[in-house]
Amino acid sequence: MFEIKAKDMRGRVGLLKTKHGDIKTPNLMPVIHPRKQTINVKDYGADIVITNAYLIYKDEDLSKKALDIGLHELINFDGPIMTDSGSFQLSVYGDVDITNKEVIEFQEAIGTDIGTSLDIPTAPYVDYEKAEEDLKITLERAKEAIGFVRDNNYEMKLNSVVQGSTFPDLREYCATELTKLDADLYPIGAVVPLMEMYHYRDLVDAVMHSVKCLPDSKARHLMGAGHPMIFALCVAMGCDLFDSAAYILYAEGDRFLTTRGTIKLENLTEMPCSCEVCCKYTPDDLRAMEKEKRVKLIAEHNLHVSFAELRLIRQAISEGSLMELVEERCRAHPMLLDALRHLGEYSDDLEKFDPRSKKSAFFYTGPESLRRAEVTRHLNKLNEMDKKKNLIVLPAYRKPYSKYLSNSFKEFFVYAKDESKGEDEPCIIENHETDFMVLDIPFCLIPLELDELYPLSQSDAPKIHDKIAVDFTRDFLVDFAENYGNVLIDPKVLDELELDYIEPYSNSEDIKFEKDDIKKLKAIADYQFGEGAGEALFTGEIKIEKSKKTGKIRHIYDKNQNIVNMRASDSFLILSKLGAKRLASLDGMRNKVMIDNSVESFARDGKSVFAKFIKDCDENIRSNDEVLIVNEECELLAFGKALLNHKEMLDFKTGQAIKTRKGFKKK
Ligand code: GUN
Ligand code: ZN
């Protein structure tokens, strides 16, 4: 019932399918009060709502009506409706008059689209024993509910809520156990108190540990989250749905929601946005108004702001600028900035879900950007790369760096690595034994051959560097230099990083960076597909065709047979048939997705690959990567563009996983 359409970090634009219509995610489900509702949320962009089945059940009149005319008519909403089970009442009042089984039966009977079992929302910071005890009951009830829904062929879909309080291991355990049940959606529960206390840093832990162990093929819902200030951050962590009564509760307290926080009407001198309400009324108009009318208008503003933020988030995911938005939003409150900084601890996990290339450029917005997935990925790649004997570190001028550097370098200093300090080893630099890299923030070192590749070229940072970024870059360089025999550093770099050196470099000949297209192509291939890919791809009589307009490499041939093309926007290599065949010769599962032999002919015919037929997959695959499609004997059948990453490919049982470019017909 869930499909991914676009991705950025762990955030996804998805499609959630229900019998009352499909909904785009990320989305917000406004809470509808089954008796008191006065605002028609559909008019403000709500595609799906949530209401409380327990409140309906407890009210004799409402319960009768719901069973009679159905939930959709009762609350006058013809789109999908989710219902909660009374767990929240349980957490507030300590008790509810309904059993798990009864609430499941009742939700189906009134025609809910998505129902919820009676989980126990364990408060944050309780004793471990208490959290464990509650969790046991939550898991038993989730199991009972799934059994009941499946045994009775219920039409409604089922939520299984992740609990575990503020204990990462319990969150992980709960998510792992619930995944085995194969529920339809996975809410993350008991986070409301964390949000009320502004403990966003602990919210990051609760969400990240839950999401890590949940299936990627199901929608995740952050229960009770309704402040637009935190939507972008939570989406980047993998949340697809939010629900909240915040829009109305805040309105009742004369408070306006904005993406920068909350504003009280009494402090308002200007209306905070350009929604219909803010354009039509002044703060004085509202203050003079009777309460009921005023609450309705503020609630309308609150809904407008929330849905506008979700549109912005979906747009950001589609263009690949979600983290720029998150970094902007998290500057609205110091506790949110803490959360963003803490999210950096999860960079390795987030990197696995982040596409390697995006439509929009990478913007450095502050030291938090140093922990972005793109930076982590590049530094990991640098550390894995084969290294030559010497390293030359050059300053960054304009991008692409190699275009604005002179080819010949005269002045250098010999960098004093710890073990070489004081030694007077001869420093003989041979060009063919030398890695040439530019030093820049935030990607630290950029091999000149890779200077057009996304995001190394498609990125920007302020020219006035902050100390944290300078220290970060220096620390990386110092560690990295250990891999080399000699390290020569340009005086400008030395100055910028305040590095120690032994002596000026002197040699009778200048050092030259020789631009070599084949060397460059091989370096890009190795970076993109793994070590050895360059040698495998570019053999024979290599011919390179360049763009007349930009001078950039476009097509690469062996004699007259196309091997790969270079995409202008990000300089990644796009396979053609010969390239795919050559790349397939690399050992093991590298760049490969194995599909069931029963669908071999579809792939050979060039048809797209559906996730349910995937048997195995290289764990380095990210969405949008070029991938090879092989059968169970590892024979190459076709190649194309991955729509999902490795984990998602193995997880999804529906929908497309690879958009096939071409197949190899059986002769
Ligand atoms: N609403 C807010 N938090 C929760 C939760 O943990 N469980 C349920 N069922 N509903 C919630
Ligand atoms: Zn407004």
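Backbone N, Cα and C atoms are what each Cβ position is placed from, and that goes for glycine too.
The model shown is predicted, which means the values in this text are computed figures rather than measured ones.
As annotated by TrEMBL, active site, nucleophile applies to ASP84. Remark: ASP84 (active site, nucleophile) has ILE50, THR51, ASN52, ALA53, TYR54, THR116 as non-local neighbours, by Cβ distance under 8 Å and separation of at least 6 in sequence.
Annotated substrate binding site per TrEMBL: ASP119, ALA190, in sequence order. Summarising the environment of ALA190 (substrate binding site), the number of other Cβ atoms within 10 Å of its Cβ, over all protein chains shown, is 29.
Taken from TrEMBL, the feature Zn(2+) binding site applies to CYS273, CYS275, CYS278. Sequence-distant contacts (6 or more apart, same chain, Cβ under 8 Å) of CYS278 (Zn(2+) binding site) comprise MET271, PRO272, HIS301.
Here TrEMBL flags 591-665 as domain 'PUA'.
The DSSP secondary structure for ASP84 (active site, nucleophile) is strand. The recorded positions near ligand 2, defined by a Cβ under 6 Å from one of its atoms, do not include any of ASP84, ASP119, ALA190. Proximity of the recorded positions (ASP84, CYS273, CYS275, CYS278) to ligand 1: a Cβ under 6 Å from the molecule is found for ASP84. Across the structure, CYS275 (Zn(2+) binding site) and ALA190 (substrate binding site) place their CA atoms 32 angstrom apart. By a simple count of nearby Cβ atoms, those within 10 Å, the most crowded of the binding-site residues CYS273, CYS275 is CYS275. Taken residue by residue, the domain 'PUA' (591-665) breaks down under DSSP into 17 helix, 30 strand, 28 coil. Confidence in the domain 'PUA' (591-665), given as mean pLDDT, stands at 97.
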